[in-house]
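The feature domain 'ATP-grasp' is assigned by Swiss-Prot to 107-314, with sequence analysis given as support. According to Swiss-Prot, the feature ATP binding site maps to 133-194, an assignment based on sequence analysis. Under the heading Mg(2+) binding site, Swiss-Prot lists E284, N286.
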Amino acid sequence: MKVMVVGSGGREHALAWKLARSPKVQVVYVAPGNGGTALDKRLQNVPITDPEVLAAFAEREGVHFTVVGPEAPLAAGIVDLFRAKGLRIFGPTRAAAQLESSKDFAKAFMQRHGIPTAKYQTFGNAAEAHAYVDREGAPIVIKADGLAAGKGVVVAMTLEEAHGAIDMMLADNRLGDAGARVVIEEFLAGEEASFIVVCDGKDVVAMATSQDHKRLLDGDAGPNTGGMGAYSPAPVVTPTLHARVLREIILPTIRGMEKDGIPYTGFLYAGLMIDADGTPKTLEFNCRMGDPETQPIMARMKTDLFDVLDRAIDGKLDGMELDWDRRTALGVVMAAYNYPDTPRKGDVITGIPKETEDSVTFHAGTTLKDGALTTSGGRVLCVVGLADTVKAAQRAAYGAVEQIQFDGAQYRKDIGHRAIRR
């Protein structure tokens, strides 16, 4: 069968890589793909981003189903468009994707359905937002209401930072429409974890747990990024906590969406904060797999992803269980010079090691032109190592990272430090 993955990042490369391993899959189209998907003989890049043209392509080629990687096409309604044409697609509708595309929608939804989260208020007026922050004090969290490519959250440790974030979003309009309203919430302390499930509208199956590293620099210093590395499983999510998250957060979300007349089909990612007592609260929802969490999760997944998504699209996930490699997978992101500001493009990449049983490299910001692989975006590669312990997986990943060269490459040297400390 033919399947299609929409997107061009490391997450999409990992999804396409996993789908291509299914005996039922003849070809995986990746639209538009990247340099890594271009190099893989089992994958075929399709230089299309327009949803209407993609739908026509899927129809013409007899694509069995399409899976959407990034948030922007989901928020723009690609699922609604494909479904209206009778095409099978995995992802939430535009209305359901508001769980990610509007922070205010998500917070109001959680409050309405009793899902644990931080207290908050939403503002469109800078003066009112400044007054609220002065009343509440710091630390405090300022979030752009709309999609801001992972750059719309400021964890302000001082009042000065909080006021600066409000001005940046509401007064200076630096995030455009995404920052036309801000959600201001209480600061939650603890350890973060990513909890991702596959939903079919009624039932869910949980993906392996994971934990990512948002900050640019070692020791969780420097600015926030889209993510500099991740590992799976996340030891902070114990079996007891896993059951609690499903019971208190995931299932009430799926039931709540159904109750509100917006049934949720697709990947659902709950960003969690686990406090010192082991109590989970929801920081955010994403309507897709995380990046870079997808890369280590796919490296560990033993179940055929084609079967999982095929059943989810048909609403038949009930009773399905997933099988996982017992090893830890740890992914290190290699980013371009000057990321996360204005990353440099066009640096030649060499030395990417061949895939082995214990390491695989997923591409993100790469382009293949005239046989040369060059950088084309902020996060360039995610190098995944697999081993029996976090420490050994870390060694496997960094062993591969050290073989790869491109000018200005930057990466953290401590991915997995929280798990190793435990």
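We number each residue from 1, going along the chain as drawn.
Each residue, glycine too, has its Cβ placed from N, Cα and C.
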Relative to the Cβ position of N286 (Mg(2+) binding site), how many further Cβ atoms are located within 10 Å? 22
Give the mean pLDDT for the domain 'ATP-grasp' (107-314) on the 0 to 100 scale. 95
Taking just the CA atoms, what is the gap between N173 (ATP binding site) and N286 (Mg(2+) binding site) in Å? 24
Quick note, E284 (Mg(2+) binding site) and V141 (ATP binding site): C-alpha atoms separated, nearest Å, by 12
Can you tell me how many other Cβ atoms are located within 10 Å of the Cβ belonging to V141 (ATP binding site)? 20
Whole-Å Cα distance, R181 (ATP binding site) to N286 (Mg(2+) binding site), is 19
Excluding near sequence neighbours, so keeping only residues 6 or more apart in the same chain, what lies with its CB under 8 A of V133 (ATP binding site)? I140, I142, A156, L159, A162, H163, I166, I184
Including all protein chains displayed, how many Cβ atoms other than that of E284 (Mg(2+) binding site) lie within 10 Å of its Cβ? 18
Among the binding-site residues A149, A189, the one whose Cβ has the most other Cβ atoms within 10 Å is A149
